[in-house]
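Peer 1: Pasting in a structure now, in structure tokens, and then I'll have a few things to ask.
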Amino acid sequence: MKCAGQIEARAVEESSINLDPIQAAGRLTPEAMKAVIAWGDGYSVCDNCHKPFRLDYVTKPPIADFHEEAAKWLGMDKIQLVPGARRAFQEVTGALVGKGEPVIMTGMGHYTAYLSVEVVNGVVREIRPTADHHITADAAAESIENAVREFGYAPKLVFVDAVDFMYGNMHEVEKIAKVAHQYDIPVLYNGVYTVGVLPVDGKKLGVDFVVGSGHKSMAAPAPSGILATTDEYAEIVLRTTKIQGDITGRKFGIKQVGILGCSLMGDPAVGLIASFPRVKERVNHFDEELKNHKIVTDALLSIEGTKVASEYPRKHTLTRMDTAGSFDVIARTHKKRGFFLSSALNKRGITGIMPGVTKQWKFNTYGLTKTQAEYLADSFIEIAEENSMVVG
């Protein structure tokens, strides 16, 4: 079915169990779906934008209220809506990092974090991951010390991934923040896989910035995200314009410089707000998500030669599997090669695992019901047995 011209109507979430790691927690709530239809027109959220002419002051829809509520929810002082987490990274580096200045990165960070340093001509110095793919406070301290010796001063910022996108492992955020603050370095908590999925309290963690992704983990349309900060850094990162035209004398009120005046508009903003009540509630039930995830990982581990490449037992629903000794062995002689696994899953209404990959692959069960998790587990077992693999 086409919804317009050559644009096919998307029915992945309705027709399949979707295991794509970046899509699992971004599925819209029914409330967001309705809000998207109602507020889809261009500058719709500007219907009631009056003095001081800034989106976070708009009360209809309740954008202003959302800013206050979300800041409290994250244990921070101020928030700003942004078009995706990457724009939050860019806004922070744009305010804090200068040409040639060092920024500490985890070594397992998303490419957009690196690019946010590159765009301001900064320099990245990485924290070396452990052999089991963790970022530790000791390793962070070593990287900071190395940077101090190299540059003669402390790095301008430390990025910390709460849960990394490669393995879905959890890292020592609170301990790393304490180390960074010993050098007076601000800490950015990258919560794209936690904000909206797990409880997050920035002040308890001791971080200066919390970044969340609306379309990845807060059941919101893309592009959407949140930048939360403390009062101390709000004055710097969320600063307002001071520029003035030399001929006209024009000024621009309290427009924010880092976001070029106005933040998130239209469907991304209203969809994020519409999903928020459910998102606030669901973070309290992550233990149930882990139970469902365990059903699937237990089934996979029962297939001889299969391992969990991520930390184990699992603490997150994004997991990297190592099937080099199981599914990849079959792929070497199967007529479909590495595509046999995704093909077999697709026949069972399961999608989201990268086609052609059988050595190591990621999946995310967030949002699945117990029944769906059991079906998924049974499907992996069936595929293994169909290919004469040892299960038990």
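For all residues, glycine too, the Cβ spot is worked out from N, Cα and C.
So Swiss-Prot says this about it:
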BINDING   Ala85, Arg86, Asn190, Ser213, Gly214, His215  pyridoxal 5'-phosphate binding site
MOD_RES   Lys216  N6-(pyridoxal phosphate)lysine
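Tell me what's around each of these sites.
Peer 2: Under DSSP, Asn190 (pyridoxal 5'-phosphate binding site) is assigned to a strand (E or B) in the three-state scheme.
For Lys216 (N6-(pyridoxal phosphate)lysine), the number of other Cβ atoms no farther than 10 Å from its own Cβ, over all displayed protein chains, is 26.
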Peer 1: So around the pyridoxal 5'-phosphate site, Ala85, Arg86, Asn190, Ser213, Gly214, His215 aside, which residues have their CB within 8 A of the centroid of those CB atoms?
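Peer 2: Checked against the 8 Å cutoff, the neighbours are Val82, Gly84, Ala88, Val192, Val211, Gly212, Lys216, Ser217, Pro223, Ser224, Gly225.
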Peer 1: Where does Ser213 (pyridoxal 5'-phosphate binding site) sit in the DSSP three-state scheme?
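Peer 2: The three-state answer is strand.
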Peer 1: What does the structure give for the C-alpha distance between Arg86 (pyridoxal 5'-phosphate binding site) and Lys216 (N6-(pyridoxal phosphate)lysine)? Integer Å is fine.
Peer 2: 12
